[in-house]
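Q: Structure below; questions to follow.
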Amino acid sequence: MLVKRSNYRLDVLAIIILLVFVALVSRLGYLQVVQGKYYGEKADGNRIRLAPIMAPRGMFYDRNGIPLVSNRPGFAVSLLPISGPVPDDIIVKVASILNITPDEIKKKLSQHSGRFEPIRIKSDIGPDIVTKIEERRAELPGVVIEIQPIRNYINNELAAHLFGYVSEINDVELEKAQEKSNEYKSGDIIGKFGLEKVYDRELRGIDGGNQVEVDVTGRPVNVLGRKETVPGKNLTLTIDYKIQKAAEVAIDEQLTYLQTKSEFRNAKAAAAIAMNPKTGEILAMVSRPTFNPNLFSGGISSKDWKALNENPNNPMNNKAISGEYPPGSTFKLVTGAAALELGKVTPEEKILDTGKHWIIAKGNAEGEALGWINFKEALTKSDNVYFYEMGNRLGIDNLEKYARMFGLGVTTGINLQGESEGLVANQRYKEKVYGEEWYLSETFDAAIGQGFQLTTPLQVAVLMSEIANGGYRYRPYLVSKISSNKGEVIKTFAPEEVGRIQLSDRTLTLIRESLRDVALEGGTAAQAFRDFPIAIAGKTGTAENSHGSDHGWFIAYGPYEDPRIVVVVIVEQGGFGAGSAAPIARKIMEAAFNLNQDPAAAQQTHKPQTAL
Amino acid sequence: MLNRRLLRNLDFVTITTTVILILISLVIIGSATHINTPGEERYWYVERQGTFALFNVIFIIILLNFDYKVLGKFANGLYGINLVMLLAVMFIGQSALGAQRWIQIGPISLQPSEFSKLIMIIALADMLDKKTGKLNSFKDLIPIFLYVGVPFLLILKQPDLGTSLVFLAILFGMLFIAGIKSKHLMVIFGAGAAFLPIFWHFLKDYQKMRLSVFMDPNVDPLGSGYHIIQSKIAIGSGMLFGKGLFGGTQSQLNFLPENHTDFIFAVIGEELGFIGAVLILLLYFILLYRGVKIAGEAKDNFGTLLATGITSMLTFHVLVNVGMTAGIMPVTGIPLPLMSYGVSALTTNMISIGILLNIYMRRQKIMF
């Protein structure tokens with residue numbers, strides 16, 4: 001037999017076994033009962049992924065409901081972290097398929113904190129890449145193809161500077177956006193420029209998603225739940241597609257013409273604005289050179305980005321609102337109005353133009369002498385000597401006062417970012433910047449819109465509108481209404497009067513009549529507007545440019561009796577406004593009055609109820 | 001030969017418990033190998049395990065015809081075969097998961113270390129039987145340690161740390177019952193603890209890693225720690241009632257690796273919940289308690305020692321395996337007896353239980 005204590009020792013063995021089981025059951029109780037919920041969540045974290053579905057951005061429509069910006073379906077490659085970080089070999093494989101470096105992928109991965117959502121690596125991939133990934137599905141666990149709405153600018157470059165563009169949010173923008181709201185997250189597509197940026201929060205909508213169950217390779221095996229997307233809100237613009245299109249085509253044709261068939265080979269940049277003078281609605285706005293915002297929608301290639309950045313004429317710059325140019329003779333509206341209003345001259349008074357002013361020997365551009373001329377003749381023919389004398393009589397302070405009354409020297413307040421203020425010539429500025437006193441010759445320059453004077457095309461459009469509408473300054477705007485995707489109107493925008501300049505009827509009439517004669521025989525724009533069936537008012541301008549040929553201005557409104565459109569055109573280095581800018585303005589007006597298609601339709605446009 | 005008296009003496013509790021555990025194992029292996037989803041060869045594991053279980057039953061019935069005492073006669077021969085097998089593994093064995101443990105014989109790959117546990121029990125029972133009452137000094141213990149030490153080191157060399165630890169469990173369980181002095185036991189444990197750092201030095205890197213991640217699985221969540229983390233998640237997320245058979249997301253979606261072998265208890269925990277897991281542990285407890293009982297009722301020392309060795313082995317397996325899946329034991333690759341897929345282990349365990357039945361059946365001294 002065993003030693004005597006063996007039975008006692010077997011009891012000890014039984015007790016040890018019992019303790020083993022007590023320990024195991026306690027442990028199970030702790031894991032499954034006490035911490036069960038915690039581990040349940042962990043298990044769900046393993047298997048449940050949110051596959052986001054991006055909300056389509058709101059559409060852009062022109063004033064007549066023509067769609068201008070929409071979305072098209074595209075494919076994106078994303079990585080889904082499965083129970084931990086994405087392994088390096090997968091990153092290398094994906095990088096080679098997408099033809100990018102593994103570091104670019106790692107950078108994107110590092111920007112994401114959420115574990116359970118796919119991280120977009122590349123948007124808008126072609127069908128060839130989709131095929132490649134699907135073929136190698138087995139060796140690419142966690143690599144998913146998502147369907148993603150891609151921003152689609154239907155007419156490519158058309159109104160690119162107004163619409164702007166979208167692309168993925170960057171670190172700086174994300175940090176800034178998250179200070180204000182938690183609507184933004186890494187990987188979001190946001191508006192970066194133009195209306196896309198200004199109205200981003202309205203346009204972006206709310207992303208939805210599918211809650212999917214995935215296996216250990218990240219392959220979805222089941223859809224557990226669904227959160228519907230809320231599409232972004234739509235913008236109805238004040239833009240008239242027809243006028244915009246005509247303006248774009250006219251500018252392109254004119255620039256090509258100038259570059260190839262004239263002495264102005266460097267005429268490569270231009271801007272045009274069409275605006276309703278009675279409301280401030282922008283009907284068309286063009287800036288050249290331009291860009292195709294579709295290039296950004298799926299992530300711009302570095303080659304395209306380089307080309308845009310290296311163009312010396314800054315295609316990404318909306319010259320209609322940010323370009324600052326000497327207003328040239330268009331400023332004579334201000335000088336003339338000030339002189340008449342302050343009684344420095346009467347409409348009848350004649351001044352002798354001998355080709356040079358008698359105090360300072362400054363003359364007309366081509367050296368011509370018009371003899372004894374009154375206000376109307378001086379403005380119609382854009383006589384410099386007459387307006388030097390007006391400047392002489394007004395003094396720089398009055399010129400500055402009236403320029404500011406017309407709204408020059410401050411932003412117009414249009415709902416776009418990047419607007420410039422321009423500069424109104426004044427004594428304090430010169431004192432501050434140059435530390436020198438004011439000279440009379442500088443008053444002369446200021447009176448004809450040269451020297452220190454700087455304006456944006458949009459400011460000049462506002463100035464011309466004030467002449468056309470009798471002194472009301474409206475805030476220019478681009479969006480007339482915001483509506484939900486179901487069509488209910490959420491917000492409408494009404495014209496907003498932001499200033500008023502008191503001008504006597506006598507002054508207004510005289511200036512308007514002078515401007516009307518500009519487009520008639522003997523006026524500076526007679527040639528450009530020959531046989532134009534509708535009476536218009538216009539003014540040419542030439543801005544001196546020390547870096548090359550002069551910039552050509554043309555500003556106009558029409559119809560003369562009942563102005564419904566103001567057009568401002570500037571062609572950088574295009575020479576005289578009459579030759580470079582006026583032909584563009586004519587084509588824009590033809591489109592606005594439907595003259596470019598059907599003569600019968602043109603007749604109807606005289607009546608106010610036509611779409612404008 | 002089997003007569004009615006012997007059949008009446010069969011331990012029906014052990015038989016029933018064992019049968020229930022094997023049936024449960026077939027269901028759980030089915031769940032772990034996705035028998036519920038279409039795919040070729042999804043029945044393969046269940047069929048193979050079931051087939052071997054049936055063969056083993058027949059084998060056990062045959063063995064029951066012989067008094068377990070004959071094992072004592074074969075003890076030295078078995079010991080020799082064991083050494084040959086373990087050496088064979090070293091030279092012609094197949095590697096898997098970083099360890100050389102298998103030898104291929106025709107269509108069957110065998111894991112000699114599984115059988116060697118039982119062989120060690122038989123050989124040690126025979127040796128201790130002869131030394132009963134003579135374990136008075138350390139000198140008496142040395143031959144025993146050498147006897148166990150040779151196969152122990154061969155297995156450690158494979159490397160199969162888990163099985164070598166099972167050897168220690170068997171050795172000390174049997175020494176304890178064989179009457180080793182408590183004082184000696186204390187000294188040995190004390191010395192063992194003191195030599196642990198040196199022992200650590202001899203571990204393979206992956207074994208060190210396993211022990212490190214046991215202390216903190218998050219040092220390597222996708223590597224060595226992955227098993228522990230996913231296994232704990234599986235068990236914990238089963239909560240009180242479980243996710244239902246075939247409903248364990250950790251197991252069915254393959255987050256849980258080795259779920260039909262070493263980590264099968266995690267599938268039980270996840271799909272059957274705390275209640276199911278505890279009921280299955282209860283079955284194991286009944287089985288092991290019967291093992292102790294059989295050891296106490298054996299007609300001779302050899303039977304007592306055999307039953308003790310078998311019970312020690314099974315207890316250690318249950319403790320280390322369930323403890324491992326629940327994150328309180330390091331990952332050592334020890335299967336759960338009767339439950340994990342693996343025909344070598346199944347055969348060893350079933351024959352072990354057959355030996356228990358044999359001992360109990362013949363507990364009464366034959367009276368003429």
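Backbone N, Cα and C atoms are what each Cβ position is placed from, and that goes for glycine too.
Computed from a predicted structure; not experimentally measured.
So TrEMBL has the following annotated:
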- B:12-32: transmembrane segment (TRANSMEM)
- B:52-71: transmembrane segment (TRANSMEM)
- B:78-97: transmembrane segment (TRANSMEM)
- B:137-155: transmembrane segment (TRANSMEM)
- B:161-178: transmembrane segment (TRANSMEM)
- B:185-203: transmembrane segment (TRANSMEM)
- B:263-289: transmembrane segment (TRANSMEM)
- B:301-320: transmembrane segment (TRANSMEM)
- B:340-360: transmembrane segment (TRANSMEM)
Q: Any chance you could find the range in B:12-32, B:52-71, B:185-203, B:263-289, B:301-320 with the most Cβ pairs under 8 Å to the transmembrane segment (B:161-178)?
A: B:301-320
Q: Out of B:12-32, B:185-203, B:263-289, which stretch touches the transmembrane segment (B:301-320) the most, going by CB pairs under 8 Å?
A: B:263-289
Q: Taking the transmembrane segment (B:263-289) as the reference, which of B:12-32, B:137-155, B:185-203 gives the largest number of Cβ pairs under 8 angstroms?
A: B:12-32
Q: Take the transmembrane segment (B:12-32) and find every residue of the same chain, 6 or more past its ends, with a Cβ under 8 Å from one of its Cβ atoms.
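A: Beyond its ends, the transmembrane segment (B:12-32) has Cβ neighbours at 43, 45-46, 49-50, 53, 245-246, 248, 251-252, 259-260, 264, 267-268, 271, 280, 283-284, 286-287, 290, 294, 338-341, 350, 353, 356-357, 360.
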